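Pulled from TrEMBL, these are the features on record:
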{"type": "DOMAIN", "residues": "27-59", "note": "domain '4Fe-4S ferredoxin-type'"}
{"type": "DOMAIN", "residues": "82-105", "note": "domain '4Fe-4S ferredoxin-type'"}
Amino acid sequence: MSGPSRELPIVPRRSGAVDEGDHGVHGRGIFDAGLLDRCISCGFCLPVCPTYALEKDEQSSPRGRITLMRALEAGRLEPDDPTLQHEASFCLGCRACETVCPAGVEYGPMLEQWRDHQWRAGHGPAPARWLRWAVARRLPLRLAGLVRRFARTRARSVDPDTPHVMLGCAERVLFPKVSRAAVALVDGADAPAAQGCCGALHAHNGDSTGGRAMAERLGRDLPGTIVTTSGGCAAHLADALGRDRVVEISEYLARSGWSPGTKLMTHGSHGHPRPIRVTLQDSCHRIPAAAKAAASSLMVMVCHLLRGGVSRVWSARSATPGKR
Ligand code: SF4
Ligand code: SF4
């Protein structure tokens, strides 16, 4: 098999004792059995990894990190090893590597178990600790959401046959317009105020047990279909509750045959055409290909309707601006 793997030796950058010979070795029980063994070191994931693109360093690639995890599991590296500490933190957790892996490597759970061990007893990076602390404070979040007029609806009971828009612990405070737009777009949707955090921030930052418990609690708060506007939350929730319960909003709209219709406005308040800039940035999280295709087709539909009104279309995937 040809590919980047043959040209990129695994060379430790800041510490020793990284060895592909750790493949298949289990010792400390940090990782679920079998998770580390799936990687066949083919290197197909390297081109999609943003940290590898930045550093061009094997250890900042998915394959290199899996080698580090194997060394940790085998006892060849200690959690305080500087390379382990750096790479556990430097990985974005975007899971782009999973989408191209021919061996079905489940990188997300591996990263969560790695960070659980590496950052145990509150030793993780300060920003991760601060994030977990902030989203655990539900009352201040709710109060801040009230000030920003978050998108909650006033239903007295939560109907399992109604699609529920997830407000998100950060979105309800920082981007309440996104939540309100989602409620407006999804026919018949509600957005119950009594919904907690999905736990993605916890699971991705060294507390996978707490993160999973929060996801399961949210699943009970919002029985039935949960519609999200966040790729990271969607990936975490789908892992905990199942893909049939969690739908990314583009996919939901595409499935339901939604059309922009007359909801779009291309004119300002004085009737003059208003130039609009349209941007599509795919979530880097492991949302299914169907959701990515849905987002693209919805964007094409919107651009078609706005033809003449759109001044410029940016595609964040190609990072290439184009005139329309
Ligand atoms: S994670 Fe998957 S794509 Fe990357 S090297 Fe391992 S087997 Fe290949
Ligand atoms: S999760 Fe993202 S940043 Fe981390 S190894 Fe995979 S592709 Fe690279």
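A Cβ is built for glycine as well, from the same backbone N, Cα and C atoms used for every other residue.
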Give the mean pLDDT for the domain '4Fe-4S ferredoxin-type' (82-105) on the 0 to 100 scale. 91
Please list the DSSP helix, strand and coil residue counts for the domain '4Fe-4S ferredoxin-type' (27-59). 14 helix, 0 strand, 19 coil
What is the number of residues in the domain '4Fe-4S ferredoxin-type' (82-105) that are helix, strand and coil, as DSSP sees it? 14 helix, 0 strand, 10 coil
